[in-house]
Amino acid sequence: MLTLSRPPFHALNDLIAALKVRGEAWKVPRGFMATSGTLSTFRLPPLPTIREIIKLFRLQAAKQLSQNFLLDLKLTDKIVRKAGNLTDAYVYEVGPGPGGITRSILNANVAELLVVEKDSRFIPGLQMLSDAAPGKLKIVHGDVLTFKIERAFPESLKRQWEDDPPNVHIIGNLPFNVSTPLIIKWLENVSCRDGPFVYGRTRMTLTFQKEVAERLTANTGSKQRSRLSVMAQYLCDVQHILTIPGQAFVPKPEVDVGVVRFTPLVRPRIEQPFKLVEKVVENAFQFRRKYCYRGLGMLFPEIQRVESTEKLLELADVDPTLQPSQLSVSHFKSLCDVYQKMCDEDPHLFAYNFREELKKKKSKNQGEEDAKERERLQQHIEC
């Protein structure tokens, strides 16, 4: 992982020179100002457009990385405004790509912007922005799934969990292929109060496929209600704040995009370990169209499944004929609390995995079938 806080060359001048060599010119984008009327407000100087950056560096969205570029700076400005007041804020941007949202964040008068980009093709364009915003932009060439942000920002920014959120924000146009594992990772960080949340209740403003955004914010009983709904809503206030049409992106994705804002709750709605909550919720949604007792039964070994499932539902006061989408966060709180007590009574219960049991059962059955086949062959030979 490489941190590029001081670019090895003056990328802006090199870019302008390259454009001249190619016989091209770029226009000052309307509305850009070199400086504002007050010394305290920062604005980027006139720069080549994102489309020109893409053309110059021959950047193409990598399909295998689910990349889609947002070129309209009016839309990137709107996303950044939805994140709240970023004046003097410390911002962590994930997946900046060619730098559209990056520009809007820098123009929001932030104290510092840290970007983490996995694709090395985008680094020169980001270096250009670093040249244009001295001391404002730090670039890390690395993977957001493994990057450690705990020491990236000053210790003075840290707040008590019960206090107002710190002046730290996470903003990102997430590639579709990492958006779900990344938000689950960050939700676990919220639960443990580590990672980006060592600073306090750090707010996040992130893009997802519209369908995923709807799942994250789905109410009890809706068709979109899912595992993601419960896992996000028991830890955060979650709002679907903006929908962006797919045609605004290059290349155009097959779906629209939803912008979702997360604010961690002072007190989680379920006060149990994240992994336990995740296991209960995942099992409950195993069979979405069936009664909830069907999926919840997979928490228990087959030999005790019926009895233990009945006990769980009875003690949690949950109707076994409710479908998973009809279970509220309060229902899941009761289920998790009871399941935790059952795990305390049986130390081996939490480690149980119904898939492993099913795999062993199939292996045993296959072994018995193979033995019978060998016996039949032996009898045939003897005859």
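Quick reminder: no glycine exception, Cβ is built from N, Cα and C everywhere.
A TrEMBL annotation is a machine prediction, not a hand-curated record.
Remark: Gly95 (S-adenosyl-L-methionine binding site) has Val116, Glu117, Lys118, Val144, Gly172, Asn173, Leu174, Pro175 as non-local neighbours, by Cβ distance under 8 Å and separation of at least 6 in sequence. Feature annotation from TrEMBL assigns S-adenosyl-L-methionine binding site to Asn68, Leu70, Gly95, Glu117, Asp143, Asn173.
Residues or ranges marked as domain 'Ribosomal RNA adenine methylase transferase N-terminal' by TrEMBL: 75-266.
The region 'Disordered' annotation in TrEMBL covers 359-383.
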Candidates Glu117, Asp143: member of the binding-site residues with the richest Cβ shell (10 Å): Glu117
Most crowded position, judged by CB atoms within 10 A, among Asn68, Asn173 as binding-site residues: Asn173
Largest separation between Cα atoms (Å) of residues that the record links to S-adenosyl-L-methionine, namely Asn68, Leu70, Gly95, Glu117, Asp143, Asn173: 20
Same chain, 6+ residues apart, C-beta under 8 Å of the C-beta of Leu70 (S-adenosyl-L-methionine binding site), given in sequence order: Thr76, Gly100, Ile101, Asn173, Ile244, Ala248, Phe249
Averaged pLDDT, computed only over the residues in the domain 'Ribosomal RNA adenine methylase transferase N-terminal' (75-266): 94
